[in-house]
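Here is the structure we will look at.
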Amino acid sequence: MKTPTRRTRPARRNMTLAEVRAFITQLAAANPNAESELNFVDDYTLLVAVVLSAQATDASVNKATVALFRDAPTPQAMVELGEEKVGAHIRTIGLWRTKARNVVALSRQLLERFDGRVPFDRAALESLPGVGRKTANVVMNVAFGDSTMAVDTHIFRIGNRTGLAPGTTPRAVEDQLVRRIPADMLRPAHHWLILHGRYVCKARKPECWRCPAFDPCQYRLKEDLRATGPETAPATAAK
Ligand code: SF4
């Protein structure tokens, strides 16, 4: 994930805690069954899919993992498949050479250090090749039901644009989200926010005219975008 930087102050002000609750509640109502768009069948294939998804779309990862997981559904099988053949499966994904090396190396470490299982422990996860804080947060959230918040480019943008959780680094935004989102909403909020950023609150032109969380949002340009709608909305609304 590119390290985002905040060039402007797109939100009028930070949301109040009541507005944070309303924002998340309205996203939830619009998409109650939100879940990961990555395909996986167990904790191990989830971990591999998330490692492959860095700087790549979920759709491109899903295309590649159909054959990869058929040939190597376990850490043992992945090690036996080897770096070269893993690379051949994922060549359509960005950074595929590094990712092939990491996937084989992390599979070997799972066998050697964790009895072939994905550990439910942040430090242990982050000690694996190719696994950083964001990947560990996704795995802990999706596989183990932990209330973690993985901040990708979409969540970073929404946090700053809407006044939900302003911060100049992904970690700062993560800390704000964990502090400000009600505890009972935190675990699924990861999915609601990612999907909202992917399909509605887009990077270049947020689609405010059809936003389910318009009222609590504090984005400066939201009224302009809603008034002009999809046809003539300015394309300069980034950030
Ligand atoms: S789509 Fe517009 S109104 Fe909705 S959260 Fe994003 S900036 Fe705010």
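Placement of Cβ uses the backbone N, Cα and C atoms for every residue, glycine included.
Per TrEMBL, the features are as follows:
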| type | residues | note |
| --- | --- | --- |
| DOMAIN | 52-199 | domain 'HhH-GPD' |
| BINDING | Cys201, Cys208, Cys211, Cys217 | [4Fe-4S] cluster binding site |
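Sequence features, as recorded in TrEMBL, placed on the structure.
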{"residue": "Cys201", "record": "[4Fe-4S] cluster binding site", "DSSP class": "coil"}
{"residue": "Cys208", "record": "[4Fe-4S] cluster binding site", "DSSP class": "helix"}
{"residue": "Cys217", "record": "[4Fe-4S] cluster binding site", "DSSP class": "coil"}
Residues close to [4Fe-4S] cluster site centre defined by Cys201, Cys208, Cys211, Cys217, Cβ within 8 Å: Thr162, Val200, Pro206, Glu207, Ala213, Phe214, Tyr219, Lys222, Leu225
Binding-site residues (Cys201, Cys211), the one with most neighbouring Cβ atoms at 10 Å: Cys201
Cys217 ([4Fe-4S] cluster binding site) CB neighbourhood, other CB atoms within 10 A: 23
Local Cβ density at Cys208 ([4Fe-4S] cluster binding site) - other Cβ atoms counted within 10 Å: 23
PLDDT averaged over every residue in the domain 'HhH-GPD' (52-199): 96
